[in-house]
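Asker: I grabbed these lines from Swiss-Prot:
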| type | residues | note |
| --- | --- | --- |
| ACT_SITE | Glu205 | active site, proton donor |
| ACT_SITE | Lys339 | active site, proton acceptor |
| BINDING | Gln163, Lys339, Arg368, Ser369, Lys390 | (2R)-2-phosphoglycerate binding site |
| BINDING | Asp242, Glu287, Asp314 | Mg(2+) binding site |
Amino acid sequence: MTEIINVTAREILDSRGNPTVEVEVAVGTGDVGRAAVPSGASTGEHEALELRDGDKARYLGKGVRKAVANVIDEIAPAVVGLDASDQAALDARMIALDGTPTKSKLGANAILGVSLAAAKAAATAHGLPLYRYVGGAGARTLPVPLMNILNGGAHADSNVDIQEFMVVPLGLPTFAEALRCGAEIFHALKKVLKGKGAATGVGDEGGYAPSLASNEEALAVIMEAIGQAGYEPGKQVALALDCAASEFYDKKAGKYELEGEGKSFDGKGLVEYYAQLAAKYPIVSIEDGCDEDDWATWKLLTERLGGKLQLVGDDLFVTNVTRLARGIEQGVTNSILVKVNQIGSLTETLEAVRMAHRAGYTTVMSHRSGETEDTTIADLAVACDCGQIKTGSASRTDRIAKYNQLLRIEEELGTSGRYAGRSAFKALR
């Protein structure tokens, strides 16, 4: 009854006003699943390919008509008749049809749209919410939100080099209370910034994007906001960084250039810089602390801080099991960021999560800077027992939609649900 009977696609807009792919998959029960594909601003060099049209006369070359056509003309004929409930077989068919390592023929945005829409159609046909359909009866853990309340780097036009400064409400009893905590700190931060004469416009992910003197000043104003909101730093609320270090790494010179504060580091110097920040502030997680191909500095960072902090590989791993396996083998990082569009199918995403968990790595489900109203990743965070989710600040509907879905899931789970809290961070146990 969950045989795929129709697949269609269209071009829609994401939260940055750029085109993206939306797919609908219909199954024999009459149920339809719809999925919209996200898009990143700072993308890893090793990510699956997001197919764009390249026609500068239309959407500045960012149109996705080619990807849409590939769904309708290439993928649909190949998957109609397949069982949407057999996710692995469906994804394998599309991957084989593409035949390239990075899904560059059909586009990862085309393949992923079909993959996610089919899962949603099958879930509806089985009368199950997506988190239960994908995760089974054991899916009951609500993730800790890593809320990006202050933006720098590629996500904002400012002189702050680190891309994301996040508050982590890990000491609250429920997801709903954690979300309230994050929202109240977000509003308190606006007052703090206004008091300093700083701008309170927001970046791609809903966090403020002020021009501050240094990365450390960004941490200091967030600490002030936590206190003004009435929460205890370190106990109730911690901090997390997404450094996006590949964005400020000079590959030729082998140096990390923090231009906003006029500092230049080699690998050892960068590790010590992070260690000093972690000693001064209640930082529990550092993401993309080193360049995506600087395995040597990643190793140094893991040896120096891996026993104390969560070290997350995003651009380093790009949700790819081959790169993750290398990291596990070399003892690099202790966590992986999970982005469905980095690898381009639900099956491969789930494989990466399983590999990480087997190795004792934590997993963080994540949005992209270009998002839509689609809430799939909220369900996947619960389904995969990730324990943590990154989906932006307490503003912009494209971010809030995911938080609201998690509120619904927590309500639906009732007493069987649990908020991951501090236990989500293995390095803190």
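Backbone N, Cα and C define each Cβ position, glycine as well.
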Asker: Out of Gln163, Asp242, Ser369, give those binding-site residues positioned within 10 angstroms of Glu205 (active site, proton donor), comparing C-alpha atoms, in sequence order.
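Answerer: Of everything listed, what lies within 10 Å of Glu205 (active site, proton donor) (Cα to Cα) is Ser369.
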Asker: Which one of these recorded positions has the most other Cβ atoms within 10 Å of its own Cβ: Lys339, Arg368, Lys390?
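Answerer: Of the recorded positions Lys339, Arg368, Lys390, the highest Cβ count within 10 Å belongs to Lys390.
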Asker: What span in Å does the (2R)-2-phosphoglycerate site cover, taken as the longest CA to CA distance among Gln163, Lys339, Arg368, Ser369, Lys390?
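Answerer: Output for (2R)-2-phosphoglycerate binders Gln163, Lys339, Arg368, Ser369, Lys390: max Cα distance 17 Å.
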Asker: Closest to Arg368 ((2R)-2-phosphoglycerate binding site): which of the recorded positions Asp242, Glu287, Asp314, Lys339, going by Cα position?
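Answerer: Checking each of Asp242, Glu287, Asp314, Lys339 against Arg368 ((2R)-2-phosphoglycerate binding site), the shortest Cα distance is to Lys339.
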Asker: Determine which residues of this chain, when Asp242, Glu287, Asp314 are set aside, have a Cβ within 8 Å of the centroid of the Mg(2+) site's Cβ atoms, and list them as they appear in the sequence.
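Answerer: The surrounding set, listed in chain order, is Gln163, Glu164, Leu241, Cys243, Ala244, Ile286, Asp288, Val312, Asp315, Leu337, Lys390.
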Asker: Using the alpha carbons only, what distance in Å do you get between Lys339 (active site, proton acceptor) and Asp314 (Mg(2+) binding site) once rounded?
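Answerer: On Cα coordinates alone, these residues lie 8 Å apart.
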Asker: Please state whether DSSP places Asp314 (Mg(2+) binding site) in a helix, a strand or coil.
Answerer: coil
Asker: Measuring Cα to Cα, how far is Ser369 ((2R)-2-phosphoglycerate binding site) from Asp314 (Mg(2+) binding site) in Å?
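Answerer: If we compare the Cα positions of Ser369 ((2R)-2-phosphoglycerate binding site) and Asp314 (Mg(2+) binding site), the gap is 14 Å.
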Asker: CB neighbours of Asp242 (Mg(2+) binding site) within 10 A?
Answerer: 28
Asker: Looking only at DSSP and grouping its letters into three states, which state does Asp242 (Mg(2+) binding site) belong to?
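Answerer: Assignment for Asp242 (Mg(2+) binding site) reads strand.
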Asker: Quick one, of the recorded positions Glu205, Asp314, which Cβ has the fewest other Cβ within 10 Å?
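Answerer: Selected from the recorded positions Glu205, Asp314 on minimum Cβ neighbours within 10 Å: Asp314.
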Asker: Taking the Cβ of Ser369 ((2R)-2-phosphoglycerate binding site) as the centre, how many other Cβ atoms fall within a 10 Å radius?
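Answerer: Total other Cβ atoms inside 10 Å, all chains included: 24.
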Asker: Rounded to a whole angstrom, what is the C-alpha distance between Glu287 (Mg(2+) binding site) and Gln163 ((2R)-2-phosphoglycerate binding site)?
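Answerer: Gln163 ((2R)-2-phosphoglycerate binding site) has its Cα 10 Å from the Cα of Glu287 (Mg(2+) binding site).
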